[in-house]
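Working notes, structure below.
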């Protein structure tokens, strides 16, 4: 019995504790990211933002959560009730399970699998299903149009994101996310410089993937009222909201891992190794999240045809050309990784 416990039950308990240790801080980060967004945008617009609930407004996310929790969940009479309820759950759960392969520091990762990049791509591709189901199940033309926009937008930018990730794989030679970070420790500076344009393309693409300004067409208030979540209230709306912000943190972590060295110190400065890698990871993710908020506060929304044109006529040929360029340069300089 003891052998059975230590061989089968104990590993499951350890995995469950690791999941809780990642999920609870992540949900708190999502809650306070909404607070940070309102404060940053308020300061950029020369106003205070939330500053009443608690000192400096720090209890505002808790007040918002309590308000949404006690609101009445209203399901439209013609909606597909089961799918209507499942859609926000799918969106929120998929935004959390992507964190299983993200390395927070050296050796600190829930599942250090050798196909981590494929896992992340699969999860990011599945996340659109929650939005499509919500648009269909709501039985509303605004919600359905928002869902169609979201699916077209994600398909358009997944292609260029895939080519960008191929350039990263060409330089690192591994699908393991920890391996990608460690490969950047010894990577020549000119390869980092060659990947810089792809890092910018990747960041713009994840703006479109997460439906953030200037690409928030699926929920454009002036055109679609609120898009795919127009019929949602109470915790259904809250789960969509949490899913969007959890996705923001996830794609910031992906960008950090692929292009900013993950938990490595900036520019591989050796005397900064004394600072824990987790600090550098959080610092880089926080910087990218600030860029998300900065962009929302400063840029206007694209038209839908401009969004599609950027994805298919600019990013797709550019990333395809860059894959050929990077592979050619690495081949002729004999810097292709040994796999």
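Every residue gets a Cβ built from N, Cα and C, even glycine.
For reference, Swiss-Prot has these:
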TRANSMEM  9-29  transmembrane segment
TRANSMEM  82-102  transmembrane segment
TRANSMEM  115-135  transmembrane segment
TRANSMEM  161-181  transmembrane segment
TRANSMEM  187-207  transmembrane segment
TRANSMEM  235-255  transmembrane segment
TRANSMEM  275-295  transmembrane segment
TRANSMEM  311-331  transmembrane segment
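Just going by CB pairs under 8 A, the stretch in 161-181, 187-207, 235-255, 275-295 that sits most against the transmembrane segment (82-102) is 235-255. Same-chain neighbours of the transmembrane segment (161-181): 101-103, 106-107, 109, 112-118, 120-121, 124, 187, 191, 195, 198, 201-202, 205-206, 209, 257-259, 261-264, 316, 319-320, 322-323, 326-327, 330, 335-339, counting only residues six or more beyond its ends whose CB sits under 8 Å from a CB of the stretch. Simply put, out of 9-29, 275-295, 311-331, 311-331 has the most Cβ pairs sitting under 8 Å from the transmembrane segment (187-207).
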